[in-house]
Amino acid sequence: MFHVQKELGSHEAVIVALFEEEKTSSFVKELDKAFEGQLQVLLEEKELSTKKKAISKVHSLGKTNVKRYYFVGLGKKESYTTEILRAALGKAFKTLQAAKVQDAAILLDSFVTEKLDAIDVAHIAAEVQGLGTYELQTYKSDKKDRVELEKFTAITAEDTQEIEAALTVGYVHGRATNSARTLVNMPPNVLTATKLAEYAVELAEKYDMDYKVLEKEEMEELGMGALLAVNQGSVEPPKMIALIYKGKEEWTDVIGFVGKGITYDTGGYSLKPREGMVGMKGDMGGAAAVLGAMEIIGELRPEQNVIAVIPSTDNVVSGTAFKPDDVITSMSGKTIEVLNTDAEGRLALADGITYAKKLGANYLIDVATLTGGVIVALGNHTTGAMTNNEELFEQVLEASMETDESIWQLPIFDRDKERVRNSKFADLNNSPGREGHAVMAGTFLGEFAEDTPWVHLDIAGTSESSGAHDLGPAGATGAMVRTLATLVERFGEE
């Protein structure tokens, strides 16, 4: 699909950058000759807009080998960022898709500035082409045919091999994010814990990773009482899924991802209201993020060791379901007083974190649609983060900045630890109250990470979008897939 050329050929469409300061760039001047001065007129009349994310279409009317030019407004160069580039290109690719373009090119060098080189632009362009044109996988009987972009050519004076490599990496990042989106969007009667495990196994086998899927009996032997408690009310068997990627000869410096895999959450006996239950098929967004990251890792083969652990079940009501006031024993040996069965994700993750440590994780990053509290605190565009290790958090933060997936650190104070340790009957309680809800959930998980360097990512607000946006439709976003993969790719770099 991707090609790199030094010069422009014949294409249905060509994407060109347009900065406010460069209305008379060398390319625009050259193209204006073919248009006999009319392009400059369009600029002067402001029919070609330089505003951020503005897309202006110009038909060549046979004056060049290109059918249509799509000028992408980027505003002023001084305020140009990768986030602006992603959004603008996302909108451009959506426009091309709506026009059913199958052969397009991008004048890569027109997007290059002192801040962004051609490799950065190539990576983002290939990534965003996939993200921006993603469509919901529906179960409708009347499905419309989709016209795909079949050929995409980067026109640049830069080294062809380096640009090809950047296009490949960007494409893989976009595709894996879309894989995660599709998982999150799947209905819960289709994506059970068993089906999620089957998906993970297929992924592991495709990329020659080791894997384990623990069944209920094995979990009982290992004492995974927290995950098993959440599963008590279900007819669907639980799964503890582990994918193991060995990128080094020695099994050292192992990065452990733990993704919450609650395939549907009714709240249990702490039952959600009707309006709060719809959409809870997405409560396995953390698991999807981890699997998406492992897809990228499997494809690109970084020289790192990575474990992905997914504790998976649904959380439903029945005569056998766990109840408020229950006291359960986690795999770590720590006992937990259940005050809220709708705080089940942290219970599943507690055993997931302990199991990841057992498998050899030296660093832990958990990802979960964990609390509504993080949405109240940070909204729908920023992931909440907590940590016991600033050095590890800084690496996660840098990866998130590279991928434009915003995260913000929340605190853990000793008084927060005292609140989750406050129980007359057990070592911990799973829900100290609504105050500081997101912080309480993260603090609880920190009790199981213990001294292992750990970062918690609460994607409850960022995992899904209520409306269409520049990088995709309403629904799952694939939040943190690219950040996790970038963390692994950059891990340990100075």
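One is the number of the first residue shown, and numbering goes on along the chain from there.
Cβ coordinates are placed from backbone N, Cα and C, and glycine is handled just like the others.
What you are looking at is a predicted structure, and each value in this text was computed from that prediction instead of being measured.
DSSP assigns K272 (active site) to coil, not to a helix or a strand. If you look up Swiss-Prot, you'll see K272 (among others) marked as active site.
In this view, R346 (active site) is surrounded by 30 other Cβ atoms within 10 Å of its Cβ, with every protein chain counted. The active site feature in Swiss-Prot is assigned to R346 (among others).
For D283 (Mn(2+) 2 binding site), the Cβ neighbour count at a 10 Å cut-off comes to 25, with all displayed protein chains included. The Mn(2+) 2 binding site annotation in Swiss-Prot covers K260, D265, D283, E344.
Using a 10 Å Cβ-Cβ cutoff, D265 (Mn(2+) 2 binding site) registers 27 neighbours. As annotated by Swiss-Prot, Mn(2+) 1 binding site applies to D265, D342, E344, with the evidence given as sequence analysis.
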**Report entry** Count of other CB atoms lying within 10 Å of the CB belonging to E344 (Mn(2+) 2 binding site)
**Finding:** 29
Query raised in the report: What are the non-local neighbours of K260 (Mn(2+) 2 binding site), defined as same-chain residues 6+ apart in sequence with CB under 8 A from its CB?
Result: D283, M284, G285, G286, A287, I310, P311, G345, A348, L349, G352, D366, V367, A368, T369, L370
Report summary line: Neighbouring CB atoms within 10 angstroms of the CB of D342 (Mn(2+) 1 binding site), all protein chains considered, total 19
Query raised in the report: Beyond K260, D265, D283, E344, what residues of that chain have CB atoms within 8 A of the centre of the Mn(2+) 2 site's CB atoms?
Result: V230, I262, M280, M284, N315, G345, A348, A368, T369
